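One structure is given below, encoded as structure tokens.
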Amino acid sequence: MASFPDSVNENDLGKAKFIGELLVPVAPFDQKSGREAWTVAFAPNGSYFAWSQGHRIVRLIPWTKCLNSFSVDHGEEDTNALSPRHLSRQSSNGGQVVPAAGQPPEHTIDCGDIVWGLAFGSSVPEKHSRCVNIEWHRFKFGQDQLLLATGLNNGRIKIWDVYTGKLLLNLMDHTDVVRDLTFAPDGSLMLVSASRDKTLRVWDLKDDGNMVKVLRGHQNWVYCSSFSPDSSILCSVGAGKSVFLWNMDKFTLIRKLEGHHHDVVSCEFSPDGALLATASYDTRVIVWDHHKATILLELGHLFPPPSPIFAGGANDRWVRSVSFCPDGRHIASVTDDRLVRFWSIEERAPLAIASVSNGLCCAFSAQGSVLAAGTRDGSVHFWECPRSIASLQHMCRMALRRVMSTQQVEALAIPALLCDYLTYKVI
């Protein structure tokens, strides 16, 4: 069994440029269990990077500091005596690192239990709480507010102030592991938590963290959830073959997408909201037109692909995580075959690959130039995303698809080829 189709020579694939890593201190007799970096996250404004480095600890580091240490902007070797590796070890030993004048502080946060989910949330004052009957609130989040939500093994969700490292809220309602967290991108501070208790819960942090709704429908663990860019749709996936789509204005189930042959473990919308990528243990990433519930592209990680009845047997090729690049043209996937793949939505073979042992999760930086991947030993590895100049056609397509669904595009009086392009049927 191969990781690539016969038409692709692995030696001919590009190698993604490795730019650095963040390591964790290893204590004597350290147990492997509990060290996993189950999640990594970038702040929406690009100011911070956070990762769960195992053993209850979350690290918050200014992203510019990482970039400076990796020298990613200029592609030069680091002339500082502190290489990225040594810098990482030094800054991960616990405690708050005193920043230089004018620099945002680093934080080491002990969450009290194993951390499974992380999410940054930023506030827009114009987005008010949905709770209109209460005039007084404990928190009044300003324009520059940046929060970090952590989902824990005991079912709790803790909300932290990123700039001070202080605990603000402790949300308690889940009865099992909080596996994933996601904030609505519109600045409303609506938070959705996905749990092993088979539910998704919607929280309103502008209403002091009160729970708004419980979304039920999954028959097993819920692994991941993701908002569409306009915050109107939520995708959720879990221990099952279905992909759930929810209307977040009415909190109702829109439809289920059927096409995977094994548990679906990761999902993310494209930046324009036109596409949805889902990753599964069936060794595939599927790119959907979720408006019409159709499959546009399948990205295989095992060849020949396993038949549906044996899709659960290739457990050394399970896809663990998928992430859409902010440029709308690239996708990254992390798989148990010890590879990270960078894909183009216009190709069925990877543009570039990179080696990573025991990868668990991945996320692109806010600008999309860097991919971070967390591993089972608590470390994080960084690569540059393959770069190319987006065509004017693609930029226009993204601008249009941000405000129009597939059905609305198909209703336009335009040539069929242009309609196919705008609806991504030509990828």
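Positions of Cβ are set from backbone N, Cα and C atoms, glycine also.
The domain 'SOCS box' feature in TrEMBL is assigned to 386-427. Mean pLDDT, taken over the domain 'SOCS box' (386-427), works out to 94 on the 0 to 100 scale.
Residues or ranges marked as region 'Disordered' in TrEMBL: 79-98.
Sequence-remote contacts of a segment are chain residues at least 6 beyond its ends whose Cβ falls under 8 Å from one of its Cβ atoms, and for the repeat 'WD' (141-170) they are 41, 43, 45, 47-48, 50, 52, 58, 60, 96, 104-105, 107, 109, 111-125, 176-181, 183, 189, 191, 193, 195, 197, 203, 205-206, 208-209. Under the heading repeat 'WD', TrEMBL lists 141-170 (among others).
DSSP labels the residues of the repeat 'WD' (171-213) in these numbers: 3 helix, 24 strand, 16 coil. Marked as repeat 'WD' by TrEMBL: 171-213 (among others).
Long-range contacts of the repeat 'WD' (215-256) within the same chain, counting only residues at least 6 positions beyond its ends with a Cβ under 8 Å from a Cβ of the stretch, are 179-180, 182-186, 188, 190, 192, 194-196, 198-202, 262-269, 271-273, 276, 278, 280, 288, 290, 293, 402. For 215-256 (among others), the entry in TrEMBL reads repeat 'WD'.
Annotation comment: TrEMBL describes 257-289 (among others) as repeat 'WD'. Residue counts of the repeat 'WD' (257-289) by helix, strand and coil are 0 helix, 19 strand, 14 coil (DSSP-based).
With DSSP states grouped into helix (H, G, I), strand (E, B) and coil, the repeat 'WD' (319-353) comes out at 0 helix, 20 strand, 15 coil. Under the heading repeat 'WD', TrEMBL lists 319-353 (among others).
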May I ask for the residues of the chain that lie six or more residues beyond the domain 'SOCS box' (386-427) and have a Cβ under 8 Å from a Cβ within it?
14, 16, 229-230, 271-275, 287, 289, 291-292, 296-297, 327-330, 342, 344-346, 351-352, 369
